Structures are given as C-alpha cells and as structure tokens.
C-alpha cells in the first residue's frame with residue numbers, strides 16, 4: 001500500500017494494570033478501533049492571481065504543494081510488563097496496529113486534497129499562460145538569439161525528454177516493486193494474525209504451552225518491528241520519489257511555458273513577415289515606378305544627348321561660320337583701309353591735279369564718284385559685320401543653353417541612378433529579411449510539431465494543452481484561410497519531365513517551375529512536395545490542421561488535379577501498407593489516438609461518419625446497405641441543406657457512429673468498393689466521381705462542462721481531362737462532361753471569391769453547393785494540387801497551377817471554433 005496522502009496521527013491505548021486483571025479472563029484493548037477518519041480540510045478560497053512581471057511567474061513555478069505525503073503513525077508502546085501477564089501484553093501490543101481501513105480512508109482523503117490543490121495550481125497556470133500570451137515583446141534581438149539557440153534548445157529538450165522518460169519508467173518500476181513488497185508484507189501480517197489467533201486459542205486450552213507462546217510472541221514482535229522499519233524505509237523512499245516527480249513536473253511546466261513563448265514569438269514573426277511582405281510589394285511597385293521613370297529619364301537623356309550632339313555640330317558649324325565671317329571681316333577691313341588709303345591718295349591727287357595740272361572737271365567728278373562708291377561699299381561692309389556679330393552672339397548663347405541642358409540632364413540621370421541603386425539595395429535587404437523570417441517560421445513550426453507529438457504522448461500535459469487550444473489554432477491562420485500544397489507524382493520509366501524546383505532563395509520548398517512550349521512558368525504556394533516526398537512527410541504538414549477538428553473547428557482538405565496525377569493516392573493511398581497510407585487513414589488514426597489520450601483528462605467524444613459521391617451531378621450514398629436501391633432514388637432522395645451555423649446536412653444520408661479506427665477502416669473499404677471508377681486512355685482506374693468523407697466530432701469535458709463540435713471533410717475530386725486525350729465515348733463521355741462542368745463551376749466560384757464579388761455562384765453545381773461552407777464560410781480549408789511531371793501533360797498542369805494560384809489568393813471568413821458550455825440538467 002502506498003503511503004502517499006496518509007495523514008500523520010497518534011494512536012493511544014489505555015494502559016492496563018496487571019494487578020486488575022482477573023485470572024483466567026482475557027482482556028483486549030482496541031485503541032483506535034472506533035477512530036473516525038479525518039476529513040480533508042477544504043482548500044482555502046484564493047483570489048485569482050494577477051501577474052505583473054516575471055517575478056510572479058517565478059513565484060508560481062517555485063510554489064510547492066501543501067500537505068504531507070509521508071505516513072507517520074506514531075504508536076505508543078504498551079506499558080505492560082511481559083512478566084505480569086503475557087496474554088494481556090500480547091493483546092495490547094496487537095491492538096496498537098492501525099486498521100487497514102483507516103489507512104485507506106486517509107489515503108483517499110489526502111488524494112482528494114491533493115487533487116483540489118492541483119486544480120487550483122492548474123487555474124494559476126492558466127492565468128499565467130494567458131498573461132504570458134498577452135505580453136507584447138517585440139525585441140528583435142531576443143528573436144535573433146532564440147533563432148540561433150533554437151536548434152541547440154531542441155536537441156537539449158530531446159535529451160531531457162528522453163532522460164525524463166527513463167526516470168519516469170524507473171520510478172514506475174520502483175513503485176511497482178514497492179507495491180509488491182507492501183502486498184507481501186500485508187500477506188505476512190495476515191498470516192501472523194492467523195497464527196496469533198491460533199496461539200490465543202491454544203493458550204486457553206493448554207497452559208503448559210505458555211513458554212512456547214511466549215517465544216512465539218517474541219518472534220512476532222521482532223517481525224513486527226522489522227515490518228515497521230521496512231515500512232518506514234519504504235515510506236521515505238516513496239516520499240523521495242514523489243519529490244523527484246514533483247520537480248520533474250515543475251520542470252516540464254516551465255518547458256510548456258517556454259513553448260507558449262515560442263508560439264507567441266512565432267505569431268509575432270508571422271505578423272512581421274506579413275508586414276515585410278506588404279513593404280516588399282510596396283517597394284516592388286515603387287521600384288517598378290522608378291524603373292519606368294528611369295526609362296523615361298533615360299529616353300529624355302538619349303534625346304538630350306542627341307540634342308547635345310546636334311548642338312555641338314551646330315556649334316562647330318557656327319564656329320566655322322564665325323571664323324569665316326571674321327576672315328571676311330578682316331578682308332573687308334583690309335580692303336576698307338586700302339580703299340581709304342586710295343581715297344586719301346585720290347584726294348591728294350585731286351589737289352595736286354587742281355593745283356598743278358588743272359585737269360578738267362569731268363575727271364574730278366569721276367574721281368569723286370569713285371570715292372562715293374568706295375564709301376558706300378565700306379558702309380555696307382560695316383552693316384554686314386554688325387549683322388555677323390549679332391549672329392555670333394546668338395550662336396554662343398544657344399550653345400551655352402545646350403551645354404546647361406545637357407549638364408542638368410546628366411545630373412538628374414545620376415540622381416535617379418543613385419536612387420534606383422538605393423531602392424534595389426533596400427529591396428534586397430527586405431528580401432533577405434523575409435527569407436530569414438520564413439526560415440525562422442519553418443524552424444518554429446517544426447519545433448511546435450515536435451512538441452505537439454511529445455505532448456500528445458505524455459498525459460501530464462494534455463489538460464494544459466487543451467486549455468491552450470485557441471493559441472495552437474492561431475498558427476493555422478498565419479497566411480490566409482485557404483492554404484495550397486502542391487504535390488508532384490514520380491515520373492514513369494517512359495516519361496520525360498518538365499518540372500523543376502528552386503535550389504535556394506525564399507522560394508525553396510515553396511516554388512515550382514513548369515516548362516510549357518519552350519516557355520517557363522513559375523508559381524509559389526504554401527508548400528511544394530517533389531516526387532521524393534513520402535506519405536508520412538506530407539501528413540506531418542497537415543497534422544496540426546487535422547488536430548483542429550478535434551478542437552472544435554470545421555476542417556476541409558481536398559485534392560485537385562488532372563486524371564492520373566496522384567489525387568487518390570494522396571488522399572487514400574494503400575491502407576493495407578503502413579508507409580503508403582493516404583491522408584484520410586492517417587488523419588483518422590490521429591483523431592482517434594488523440595481522443596483516447598484526452599479521455600484521461602475528462603474528455604468524452606462521440607464521432608459519426610458518412611461518405612458520399614457526386615456522380616453525373618447525382619448524389620450517391622457510399623455507405624448505404626442497399627447500394628442499388630440508393631442509386632435508383634438518386635437525386636430525388638438526397639438534398640443538401642446548410643443551417644445558420646454553417647453546418648451542412650444531406651437528407652437521408654447514412655450516418656454511422658464510430659468508436660475506433662478499425663470501424664472507420666471497414667467503412668472506407670466498403671465505400672471504395674462502391675465508388676464509380678472506369679478506364680480511360682489517360683488512367684487505368686480513373687475516379688469518375690467526386691468522393692466526400694465527413695467525420696462529425698462531438699466532445700464534452702465532464703470536469704469543466706465544456707462542449708466542442710468539429711467537422712472533418714476529406715474530399716477526393718474527380719480528375720479533369722480533355723476529350724481528345726481521354727478518348728471517352730458513351731457513358732465515359734457523359735461522365736467526362738459532367739466532371740469538367742462541375743470543376744468549371746468550382747473555378748467560377750473561386751474566381752468570384754478572389755474578385756470579392758457580391759454574388760458567388762455556389763448553386764451552379766452539387767459540388768460547389770456542398771463545399772459552400774468550406775469555400776465561403778468559417779472553415780479551415782487546404783487544397784492539394786496534384787501534378788503530372790511528364791512533358792505531354794504540361795497544358796493540363798499549367799491550368800491546374802493557375803487554378804491553385806487563384807485559390808491561394810482567396811480570402812474567406814475567419815475560422816471559428818464551435819464551443820459552448822453544457823447546460824445544467
């Protein structure tokens with residue numbers, strides 16, 4: 001019997017006087033036989049803790065549980081003398097042994113007190129968790145330090161968790177061994193009790209055997225003392241193990257709080273990444289504008305350069321013209337000087353003629369005419385010189401203006417060039433920051449996934465984790481509400497590939513490049529899986545989303561792509577082989593494992609499964625017992641209805657209660673046999689209908705009266721195909737037309753949502769109307785776009801990628817958790 005929770009007490013017996021004993025009569029004192037069990041004191045009513053700093057958190061972490069865990073029964077030894085009466089002495093000695101019922105009652109009461117203390121402690125932990133999550137700590141230096149130490153912390157945590165597991169296993173083994181020893185001791189005590197009764201009966205009949213009984217009594221007393229010593233030693237050891245377990249729980253609690261801090265940092269980092277992405281988009285737009293402006297400036301610069309060249313040529317021509325004018329002006333001046341000298345000479349000659357020779361007046365008039373002609377010629381040459389000087393000044397001014405315009409244009413071009421270089425450097429820094437933030441987000445996401453898997457395996461943390469479900473769920477809304485994962489199937493031996501992936505940069509693991517008609521197309525999604533990705537690797541990325549259904553969210557996961565691209569393998573796989581199980585079997589396994597783990601914390605779940613297909617715009621029940629009758633009634637029997645809370649119901653659809661993964665696996669096998677498949681030129685076993693599996697989850701916590709209601713929709717869409725490739729005729733042709741029509745309606749719905757149109761044509765097909773809450777409501781939705789990497793399918797692959805990019809840009813309602821408190825009956 002464990003000594004945990006037993007309250008210490010003192011058992012007293014009434015001292016018997018041997019002189020008062022009547023000879024031949026038996027006397028027994030049963031001290032403590034009527035002892036009432038001590039009621040556990042009610043825990044004090046504490047006011048809610050208010051946290052104002054890390055000192056309050058440390059005080060909460062250092063708080064120790066009240067009460068004693070050690071069994072401490074103090075037994076007063078009998079005061080009778082062995083000589084005065086061995087029978088009375090033996091009776092008193094055995095009456096001091098406490099009854100087993102007292103020990104059990106005390107243990108139960110102590111456990112109840114311990115449970116109440118634990119509940120109070122958990123409430124404080126909740127308040128502490130809420131306070132820590134509300135803290136606003138935007139210290140980028142701390143984030144960088146955490147980024148650097150994250151890998152080391154993860155490694156240290158793994159080692160600590162392994163050590164803790166080993167310690168817990170050792171503790172459990174020791175406790176089991178101690179329990180076995182206590183059981184053996186109890187059996188020994190029972191044997192001793194039987195022997196004692198036999199000895200007492202034989203003592204009344206055979207007084208001559210008193211010496212033998214005395215020796216037996218002494219031996220029993222020695223065994224009893226040894227049993228008490230052994231019991232005390234085991235109690236001390238159990239207390240030591242309990243203290244060790246308590247310290248381990250406190251350390252695990254601190255690790256849980258550290259994990260919450262990491263989640264808060266992840267959320268802040270995600271917000272920072274979104275802001276940086278917006279800033280990047282703004283910078284890209286600014287850079288594009290600056291590039292356009294730079295191009296226009298460059299064009300202006302080219303025009304200015306051509307004008308400068310032309311102005312330089314004009315300047316050269318003007319300089320040549322000015323030089324020729326100057327030469328001509330020089331010649332004119334020289335001619336003028338010559339003519340002036342001639343005029344002076346003629347005037348002298350005239351005077352000489354008048355004085356000496358007395359020539360005739362006619363010759364004099366002729367000389368005067370020549371002189372007048374020379375003066376007119378000089379005057380006209382002066383005017384020409386002035387005109388040429390004016391032209392020269394205008395040419396110099398025009399040349400000066402051209403030089404100034406070219407200089408200003410060059411200065412503006414240099415400034416724009418510097419500005420463009422600055423914007424490019426800032427853009428590179430922003431891209432680097434976004435890349436670092438994305439890497440940090442991936443590391444934090446992987447760390448949270450590892451913590452989640454470890455926490456789900458350890459029942460100690462299930463209650464705390466379930467309280468923090470909204471904080472865990474917020475990680476799924478870091479980027480939009482419709483997430484898109486791209487998966488590429490492997491190439492067949494006779495196929496050539498046309499798909500490649502970025503080797504580095506921010507699109508590593510998120511980008512894909514498709515070569516179609518010698519032209520490359522690049523796309524970016526939330527996650528891209530190449531042909532080497534395993535089913536387990538893909539499921540790890542969606543496991544947290546699947547967990548949200550158990551937490552009270554509506555979750556929808558569907559696969560889209562052309563025929564033969566691997567949709568059915570991704571969703572269903574091969575359930576018989578562990579490594580080839582698809583997303584549907586793995587999701588259901590996780591749901592049932594997590595629900596069973598949460599049962600130990602007071603959660604009780606009820607789950608209902610249904611499965612249907614949409615074939616040629618007709619709903620068929622895949623779980624109906626009479627399959628042929630269900631096909632006959634078809635569309636007239638099943639109708640889709642949505643309530644005000646966004647829940648979807650299909651009238652008269654078979655709904656089956658499931659309690660284990662084996663039951664669900666049996667239903668999946670039955671539905672797979674009933675689903676419509678056919679052979680085309682593109683696929684040996686082509687799904688000819690849209691298949692929808694729905695798991696409704698109802699949970700209630702019996703301790704807190706909290707109720708949750710979640711829905712998990714897992715959808716395998718039929719593959720799109722072209723008639724000229726599929727070679728469909730007859731019924732296959734009708735099926736292909738119906739499939740392409742419903743997928744076209746789905747594309748129209750996505751296009752309307754992306755454009756934020758008031759009217760979205762959900763009712764154009766049964767598929768879109770069934771998916772209305774997932775595409776336009778408050779669900780968490782994820783789409784797999786499956787691609788065929790072969791070169792002959794690049795046209796269909798390009799259409800699928802464009803559709804997926806459009807889906808990824810859609811913004812729908814914010815996911816809402818469906819939870820409420822159970823009404824009192």
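Cβ atoms are placed via backbone N, Cα and C, with glycine included.
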For the feature region 'Disordered' as recorded in TrEMBL, pick the matching range from 1-49, 50-98.
1-49
Around the C-beta of residue 568 (ATP binding site), how many further C-beta atoms are within 10 angstroms, looking at every protein chain?
24
Tally every other Cβ atom lying within 10 Å of the Cβ atom of residue 566 (ATP binding site).
21
CB neighbours of residue 563 (ATP binding site) within 10 A?
24
